[in-house]
There are 2 protein chains.
Amino acid sequence: MEKVTIGVLGFGTVGTGVVKTLRDHQAGLRAKTGMAFDLKKIADLDITTKRIVNVEPNLLTTDAYQILNDPEIQIVVELIGGYEPARTFILEALQRGKHVVTANKALLAVHGQELFEAAHQHQVDIGFEASVGGGIPIIRSLREGLVANNFTEIYGILNGTTNYILTEMTEKGGAFEDVLRRAQELGLAEADPTFDIEGIDATHKLVLLIYLAYGQHAEMKQVLTQGISNLQPIDIHFAKEFGYKVKLLAIARQADGMVEARVHPTMISADHLLAKVDGSFNAIYVVGDVVDSTMFYGHGAGMMPTASAVVSDIVDIARNLQKGVTNRLPLLPSTGESARFTLQAPDQFHSKYYLRFTAVDRHGVLSKISGILAQYKISLSSVIQKAGYPPDKVPIVMLTYDAPEHAMQQALSRIDQLDIVTDKTVLIRVL
Amino acid sequence: MEKVTIGVLGFGTVGTGVVKTLRDHQAGLRAKTGMAFDLKKIADLDITTKRIVNVEPNLLTTDAYQILNDPEIQIVVELIGGYEPARTFILEALQRGKHVVTANKALLAVHGQELFEAAHQHQVDIGFEASVGGGIPIIRSLREGLVANNFTEIYGILNGTTNYILTEMTEKGGAFEDVLRRAQELGLAEADPTFDIEGIDATHKLVLLIYLAYGQHAEMKQVLTQGISNLQPIDIHFAKEFGYKVKLLAIARQADGMVEARVHPTMISADHLLAKVDGSFNAIYVVGDVVDSTMFYGHGAGMMPTASAVVSDIVDIARNLQKGVTNRLPLLPSTGESARFTLQAPDQFHSKYYLRFTAVDRHGVLSKISGILAQYKISLSSVIQKAGYPPDKVPIVMLTYDAPEHAMQQALSRIDQLDIVTDKTVLIRVL
């Protein structure tokens with residue numbers, strides 16, 4: 001039986017899941033592909049901590065170059081995470097003609113261009129299904145299953161930690177900080193949760209989806225990125241009253257070749273299928289001009305779901321090796337493809353808005369605020385002024401019709417300067 | 001630029017969608033693949049009716065053999081539907097070394113083995129993404145994206161017509177016959193809706209999913225198939241009271257290599273993501289032992305969604321042609337694969353049940369019915385006896401715990417012979 005030889009860099013959570021899957025599913029993988037998957041070496045700085053899978057000691061090394069320099073190893077699986085040494089290891093693997101599978105979205109979002117060009121130059125492949133949506137085969141779906149489409153809208157719940165926190169805040173109440181602490185205790189949030197809660201992880205993933213859907217390398221700063229750390233229980237409460245749920249959405253929309261890209265807390269109708277994606281689950285809602293609406297749902301992280309995606313890439317490359325082909329799916333967009341689309345500046349989009357003003361309970365406050373909004377041609381669809389609050393902390397909640405983001409920002413900066421407005425206005429975009 | 005030459009058999013709804021997509025998306029497809037997609041000929045018995053897409057008259061023919069015998073044509077797209085002449089045309093295309101793309105689930109479910117063997121023998125490919133779930137890339141996902149998994153559970157809403165009817169009955173009420181007539185007027189149900197409403201179409205698709213997931217050719221009669229034509233508004237009403245929604249589910253479950261396969265109306269918790277799949281949408285909920293739960297959602301039929309899937313297969317084959325490979329994904333399961341699983345007999349499964357008995361309002365009726373159930377070791381989780389009905393038409397509703405299907409069938413046949421039971425008992429399985 002033909003065999004494919006694999007080296008794994010990084011024996012942490014996902015690495016352990018990949019090793020476990022390759023072992024436990026040997027028979028199934030052989031049966032499905034007619035190939036044997038030979039895991040030859042695993043490199044990690046820590047090779048003494050016990051993992052949930054037993055491996056022979058001679059498989060383990062602390063030296064990544066025992067993998068990179070081994071001419072027998074055909075596929076290098078990078079599961080170290082972070083920028084370095086992952087970037088260098090991947091580049092060295094590509095230069096040695098090895099195929100690479102990685103789950104490293106941060107690295108690909110920032111250095112993807114360099115890595116994809118290197119892979120193209122050396123005529124090898126990079127599999128990265130695990131980098132977005134964990135076990136959900138969204139990368140394949142955009143590149144292959146939905147290849148006939150121009151994508152008009154992509155809405156992703158791409159970060160399980162924040163979706164868990166938002167679900168808890170919605171269902172059980174509680175302040176952001178308390179729910180975050182609980183999530184950390186449960187292992188659902190990292191000790192340093194910044195990348196997750198500030199939306200950076202979701203933006204990394206959105207950058208990859210935009211690359212696949214539109215052939216555009218978006219830089220991080222080209223994507224409006226807002227996290228959930230400032231969300232108040234009161235806003236989640238008002239969202240419910242209006243029939244909305246708050247989700248951290250990664251959004252890409254395209255019309256006439258112009259692509260907008262943003263990540264921020266978003267109110268979506270409680271009836272929308274995305275609103276039912278709760279807990280740590282992820283989902284990507286994709287609208288194509290041929291297929292119309294689709295949605296892909298599953299675990300966006302975790303040892304085994306991520307391993308499922310990594311192993312699918314290993315199998316894909318093995319099937320290419322079996323047939324003697326590489327670069328069957330191009331990693332670099334053609335000139336034609338990248339010429340069809342242009343990334344918009346981050347504030348060049350329209351949205352509906354939820355606004356919560358905190359004001360002194362004085363006659364005329366409503367007319368002053370709505371007067372400024374009107375100057376910027378922002379129209380209101382609902383207004384709620386709530387009683388039962390301290391006289392200097394009266395919440396006024398408004399929903400607007402579609403308005404340009406830059407007009408909204410200008411209006412808010414003027415409103416926040418009013419004497420009668422006591423706190424910074426809360427803005428949540430509405431889908 | 002390399003080009004791939006295509007012939008289309010069948011210029012009906014889907015054929016028109018495919019032709020439209022290949023035309024409207026020429027630039028996108030070229031950019032994504034570096035290839036030109038040359039639609040050389042379209043065959044249909046009717047080449048005079050106006051379609052929504054204009055084609056040059058010399059592209060049209062009433063003679064399928066102008067496509068089958070044209071050595072330039074590399075891919076034959078079969079969109080005629082039904083068993084013959086579709087089967088013969090596909091076999092002849094394969095024999096002439098042409099690749100085939102088809103949306104024909106009925107044909108593949110019944111004659112798939114013959115066609116796949118012919119394709120294997122002639123070393124060409126058959127693409128059939130459109131045959132299950134319309135535009136949803138579920139076939140790719142089972143074969144590639146989730147290849148690492150043993151599939152433990154597959155639940156599909158695979159028929160848009162019945163899902164539309166059930167959604168209408170649930171949301172707006174109305175008898176099955178009236179809602180069906182409305183669906184027919186809206187073009188959402190066929191003039192002869194038998195295949196849809198009796199579950200046959202869903203079973204065709206389930207047979208294909210089982211083939212992909214377990215390498216087993218299930219025959220139609222090996223799958224318990226029940227449609228929705230006997231569903232009563234009262235049962236949909238009671239389902240709601242218990243917190244359920246009724247969906248026509250295609251179910252495949254596997255444990256220890258034993259695979260159960262069935263299609264029937266099913267009560268699922270209103271909180272389950274599948275319960276939110278409404279209208280004519282389809283969804284496939286797949287649980288893998290590595291990835292855990294996933295769901296794939298989209299339009300399961302219609303001109304353009306189906307065309308999206310057909311064109312994705314054309315592109316896939318074009319990419320293989322570009323690289324000079326075929327049979328990259330095997331169409332035939334290996335001996336190893338088919339040896340891992342065995343299809344169970346149709347009544348060898350367990351389920352929870354909803355039962356509605358119609359009985360004479362007489363003392364002791366409840367104890368008689370529950371007594372028979374107890375003899376078959378069927379335990380009840382809830383019982384509702386409703387007042388306000390004619391004394392010979394009193395509904396008694398029960399929910400059971402998990403019980404064997406064959407025991408349930410035996411118990412019901414005894415209960416239905418009781419004098420006090422006036423109508424045939426309604427049984428709906430509960431997920």
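Placed from the backbone N, Cα and C atoms, the Cβ positions cover glycine too.
What TrEMBL says about a protein is an automatic prediction, not a curated fact.
What you see is a predicted model, and the numbers here were worked out from it, not measured in a lab.
Under DSSP, A:Thr13 (NADP(+) binding site) is assigned to a helix (H, G or I) in the three-state scheme. For A:Thr13 (NADP(+) binding site), the same-chain residues lying six or more positions away in sequence with a CB closer than 8 A to its CB are A:Gly302, A:Met303. For A:Leu9, A:Gly10, A:Phe11, A:Gly12, A:Thr13, A:Val14, A:Gly15, A:Thr16, the entry in TrEMBL reads NADP(+) binding site.
The NADPH binding site feature in TrEMBL is assigned to A:Lys105. A:Lys105 (NADPH binding site) is surrounded by 25 other CB atoms, counting those within 10 A of its CB over all protein chains shown.
Positions annotated as L-homoserine binding site by TrEMBL: A:Glu190. In sequence order, A:Thr161, A:Gln184, A:Asp196 constitute the residues six or more apart from A:Glu190 (L-homoserine binding site) in its chain with CB-CB distances below 8 Å.
The Cβ of A:Lys205 (active site, proton donor) lies under 8 Å from the Cβ of A:Lys105, A:Ala109, A:Ser131, A:Val132, A:Gly133, A:Gly156, A:Leu158, A:Asn159, A:Ala250, each of these being in the same chain and 6 or more residues away along the sequence. Mapped onto three states, the DSSP output places A:Lys205 (active site, proton donor) in helix. For A:Lys205, the entry in TrEMBL reads active site, proton donor.
Model confidence over the domain 'ACT' (A:354-429) stands at 93, taken as the mean pLDDT rounded to a whole number. Annotation source TrEMBL lists domain 'ACT' at A:354-429.
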The domain 'ACT' (A:354-429) - residue tally per DSSP class, helix then strand then coil: 22 helix, 26 strand, 28 coil
Protein Cβ atoms within 10 Å of A:Phe11 (NADP(+) binding site), excluding its own: 24
Secondary structure of A:Lys105 (NADPH binding site) (DSSP, helix/strand/coil): helix
Candidates A:Leu9, A:Val14: member of the binding-site residues with the richest Cβ shell (10 Å): A:Val14
Spatial neighbours of A:Gly12 (NADP(+) binding site) that are distant in sequence (at least 6 apart) but have CB under 8 A: A:Asp44, A:Leu79, A:Ile80, A:Gly81
Cβ-Cβ neighbours of A:Gly15 (NADP(+) binding site) (radius 10 Å): 27
Near-site residues: NADP(+), ref A:Leu9, A:Gly10, A:Phe11, A:Gly12, A:Thr13, A:Val14, A:Gly15, A:Thr16, CB cutoff 8 A to centroid: A:Val8, A:Gly17, A:Val18, A:Val19, A:Asp44, A:Leu79, A:Ile80
